[in-house]
Amino acid sequence: MTKQTHHVVIPDAIMDDLDIKDGEQVEVTLKDKEAVIRPKRADTGTQTISLRFFLIPTVLAGIVFLAYFFYFNILQVPMTGKNSIAQMVIVLGELSGMGTFAVTYIRNHRQIHGRDHRRRYWRIFPTLLLSFAIILAFVASVFFWAIGYMFEGVSFDIYTATGLFLIFISIVNYLMIYSALSISTSFITTLFLSTFVGGVVGAIVTNSSRQWWQHNVSFLGTSKALNAWQFNLTIAVSALLWIALVDYLFVPLMAHRKTDWRLITLRILLTVAAIALLGVGLFPNNRGILHVLHTQSAWFLNYFLIGMIIAVRWLLPGVSREFLSTSYTIGGIIVLAAILFQFVHYLSLTAFEMIAFALAMSWIMLLLQNIHRLYQKDESTFIVTVTSGKEKSPEKSA
């Protein structure tokens, strides 16, 4: 007795990319009338891995916390200030959180199939680690500043303080594990946007009493602004995430288009523009050499963005008319705003900067989205052949 079987002929490119050997089992998932073929998952679930790496660093940090305050005979621990819960969470949370992030990221990286995918995960690891370290320190500082403002002068006995410390450290470790397991194009993009927008809006709110809009946006990062370091740090971290996102997108794409001068040029322009943004954050617009470096970085950023908008027709393979129309519309509005500011004197410098920067960053997001779609559509879609055959099945014995 025979039964009908069907075979899918998988191209060698897919076998190499997913690192599947002949005879290995794969998973076939049916969802929304689509069949998804992928390497068989490891037996150890993500939840088990997360739980293990979540508890161990939390317990170790708690032991260090207790030992520190017992050693210095501090039995009443303040929430904020010197030798406080906040100080220990920022210091130990940074060490525990980044260690947890690194271990989880590396462990998850080893389970990824495909040489190109593994290579890009290694390439962006240092940039992501530095970015998350800065973001973690920044968020923890802002959080405990708010706590200190709401609960001024509050303190706890050593055991209550340890319990609160363990709660805060647990949250830090959980978020770091979640972030390490969630690395993707959409995750990095969301992190980039939330970091940039959140930092800028926070700086604007903080300096509203100083009427920053009468100067320019760069005033938020000068010595005359309140908490200028937050604005500058936001810009710098956003630039690092931009660099990581560009690398994450282009590494697998360039593996299939190694000699495509258009993509090579576009990648260089995007990276240099991100470095220019990094310069804007690293060099505050104060007097002296810092003003020169800040201004030059800002102008270089503008030049490269305008150049990419003009040249996207030739640099992006398969560019759609819709994206071209959007690009030239955005470029036209930026040029019009520059004329209204520079020659007509209708717009203030602050208004021009905010209009130009908002439009430019929106266009960058659209460009990165089109690059991601290019990889998914052109490089990750294969035509396969389904064949039928006869397979003998064992006959039932009487």
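Each residue, glycine too, has its Cβ placed from N, Cα and C.
According to TrEMBL, the transmembrane segment annotation covers 49-72, 84-106, 127-150, 156-175, 187-209, 229-251, 263-284, 296-316, 323-343, 349-368.
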Give me the stretch from 156-175, 187-209, 229-251, 263-284, 296-316 with the greatest number of Cβ pairs under 8 Å to the transmembrane segment (127-150).
229-251
Flag the pair the transmembrane segment (156-175) / the transmembrane segment (49-72) as in contact if three or more Cβ pairs fall under 8 Å (sequence separation 6 or more).
yes
Go through 84-106, 229-251, 263-284, 296-316 and flag the stretch with the largest number of C-beta pairs under 8 Å relative to the transmembrane segment (187-209).
229-251
